[in-house]
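Single-structure report; data block below.
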Amino acid sequence: MLGLNGTPFQPATLQLTGIPGIQTGLTLIALVFCILYMFSMVGNLGILILVFWEPALHQPMYYFLSMLALNDLGVSLSTLPTVISTFCFNYNHVGFNACLVQMFFIHTFSFTESGILLAMSLDRFVAICDPLRYATVLTHNRILAVGLGILTRSFSTLFPFPFLVKRLPFCKGNVLHHSYCLHPDLMKVACGDIHVNNIYGLFAVIFTYGVDSAFILLSYVLILRAVLAVISREQRLKALNTCMSHICAVLVFYVPIIAVSTIHRFWKSAPPVVHVTMSNVYLFVPPMLNPIIYSVKTKAIRRGILKFFHKPQA
């Protein structure tokens, strides 16, 4: 569809949708989202402050944890404006260009989280399989380089997306199926040839989630082989226990992604509320759970929290 000046038609605003089929209880849903945001913000800010404040946590493992917490804050902040306006203020419109910016940041932070989880698995691999060289391999400069490399990969991979979307005409309406902007959602209302978008989107997913998950799995195969070579059962359990927090974080991140992909490909007739709920789980649950997982499963974090709140006697 072409506009009056012969250029592809793009709506000035896009209409966001809360949860399809649910017309009542919106106040309760808004409260749930506010609680999720509160836990995410407080938890991840707490992790950042704790790692910065506690000298005992100035180690590679906790530097990567800080990256994860900072990225989770980015995920929450990128969705917050439209989610809050949709559920709390009943304002469900977003400018077209603003929607593209939000789409870019949501996907960028998601891809970055995958890269950070891979870096954390490599950290565990070095710590368990080559502990004597742990401090010399994971120096501050290398950790910084890894973090910048992950961010650069995500940014450069996602950079073409807004331009690929902006070139398309939108003739199937302007109603999206979420309370935030996602690339697959925009493709449902776009016209014209979207093959380039779909092919590049598939490439981006394989290049990030596919590669990262494969290397994470490989690192744990090597870790398990090294652990099984240890004679002492106590040492085996101790080594595996240092990985439990990361394993939980990986499952919390990748299980919803796999579920969303499976439903999208093999259960296309699923009610819209199922797709929206799984997408919400994928975006909102990991940033909330990661600080809880590491606070519960990591002794050094628990000690740091107790020390932070402990008031010495005068």
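Note that Cβ sites are derived from N, Cα and C of the backbone, with glycine treated the same way.
Automated prediction, rather than curation, is the source of TrEMBL annotations.
According to TrEMBL, the protein carries these features:
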- 43-294: domain 'G-protein coupled receptors family 1 profile' (DOMAIN)
- 28-53: transmembrane segment (TRANSMEM)
- 62-84: transmembrane segment (TRANSMEM)
- 104-122: transmembrane segment (TRANSMEM)
- 143-165: transmembrane segment (TRANSMEM)
- 206-231: transmembrane segment (TRANSMEM)
- 243-267: transmembrane segment (TRANSMEM)
- 273-293: transmembrane segment (TRANSMEM)
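For the transmembrane segment (28-53), same-chain residues at least 6 beyond its ends with a Cβ under 8 Å from one of its own Cβ atoms are 18-19, 22, 62-63, 65-66, 69-70, 72-73, 76, 80, 83-84, 87-88, 284-285, 287-288, 290-292, 294-295, 301, 304-305, 308. The transmembrane segment (62-84) is not in contact with the transmembrane segment (206-231), judged by fewer than 3 CB-CB distances under 8 Å for residue pairs 6 or more apart in sequence. Only residues 6 or more beyond the boundaries of the transmembrane segment (273-293), in the same chain, are considered here, and those with a CB under 8 A from a CB of the stretch are 17, 19-22, 33, 36, 39-40, 43-44, 46-47, 68-69, 72-73, 75-76, 79, 106, 110, 113, 177-178, 180, 182, 245, 248-249, 252-253, 256-257, 259-260, 263-264, 267. Averaged over the domain 'G-protein coupled receptors family 1 profile' (43-294), the predicted model has a pLDDT of 90.
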